[in-house]
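K.L.:
As annotated in TrEMBL:
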REGION    1-38  region 'Disordered'
TRANSMEM  51-75  transmembrane segment
TRANSMEM  87-110  transmembrane segment
TRANSMEM  122-140  transmembrane segment
TRANSMEM  146-176  transmembrane segment
TRANSMEM  188-208  transmembrane segment
TRANSMEM  223-241  transmembrane segment
Amino acid sequence: MPVSPDSPQALYHSVPQLPEASSSEIALGGEEESDEPHDIPSALIDPKVKWIHFILGAAVLLPWNVVITAMPYFLSRLQGSPLKTTFGSYMTTTFTLSNFIFLAHATVTSKHTRPSGRTRSMILWLTVLNALLTISTFFVPTPGLFAIFVLFNGAAQSAAGAYFQTSLIAVASLFGPSAVQAMMSGQAAVAVAVSGVQVISSATSVIGKPSSFVGDGSAEEKAAFFFFLLSTVFLVLSYLAHEHLIRMPLYVHVAGALEQETAKISLRRGSDDEQHRSLSRARSEVIEETTNVLRIAKANVQYEIAVACVFMITLTNKPRYTPAII
């Protein structure tokens, strides 16, 4: 089906670099191959682009790993409160519900915003929220107030991460499978890194203390401080890496079309015929986008189930095992 030149869908095609077709192209709905642009061969992508996508991929999944890995610190601040036994469930439920809602909105609006601007603002928000968690280690509020602060912070990080993720995927997909692979590798690496940092920082905080030492929360507090501080520093580095990426000539060549302001449909006063055409165009674009989302979801259903299983396993096991190790 031909795509209107001013349709948002027309922006989302990778730029051709070689005449041969990419083997990674997915045929949706049994469609025959067309003359649409193909993925950029990985050999033609600057290695810097892959490393930047690796860093940004790690930054995307950092909020989730922060709230899960720092659970021992959160629970230590809720000592003696009835919230302690259920806080883990409240935390994961709030985080995932916020992510689900805002990810849906981010997906719908992704084609009408500049990915560089959205990515930049979301990294800054994540940096501020992690900095607030770092500062929280210096104060001891009431358990109820602390629980509200952490839940709100986690939900806000989840929302920012949702918008960040959609913008990053939109750009990475234009660079082809190698950039997407680097982004996914970064998401996997950050899970291992943050858990290692938390275990090491907790171990160093109890060095020299007897084996019969009963924790008073200071070890978790010190470990959380270093963990949140390193997360904040990493987000600052991610911001700088993203700024370097959008200034690269290759980025302008590949993703420059996404950075242009999307033409908005005007519904201002005019003739009945003009308003009718505008409404018809808006209606057709909504139908087109909805159809494409459903087709892509159907083509990737096995991967979606796999990701759902990964999250279920993570939610079931990691909150229990991390405190036990520490």
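Start at 1 and count along the chain as shown; that gives each residue its number.
Glycine residues also receive a Cβ, built from the backbone N, Cα and C atoms like all the rest.
A description of the local structural setting of each listed feature is requested, covering burial, neighbours and distances.
P.N.:
Away from its own ends, the transmembrane segment (122-140) comes close to residues 59, 62-63, 66, 70, 73, 77, 146, 149-150, 153, 156-157, 160-161, 163-164, 167, 221-222, 224-225, 228-229, 231-232, 235-236, 238-239, 242 of its chain (Cβ-Cβ under 8 Å, at least six residues beyond either end).
Same-chain residues lying 6 or more positions outside the transmembrane segment (146-176) and placing a CB less than 8 Å from one of its CB atoms are 12-15, 22, 24, 39-42, 45, 49, 53, 56-57, 59-64, 66-67, 74, 77-78, 81, 83, 87, 90-91, 94-99, 101-103, 105-107, 110, 113, 115-116, 118-119, 122-123, 125-126, 129-130, 132-133, 136, 182-183, 251, 254-255, 258.
Tertiary proximity for the transmembrane segment (223-241) is limited to same-chain residues at least six positions away from its ends with a CB under 8 Å from its CB atoms, namely 51-52, 55-56, 58-59, 62, 66, 69-70, 72-73, 120, 123-124, 126-127, 130-131, 133-134, 137, 194, 197-198, 201-202, 205, 326.
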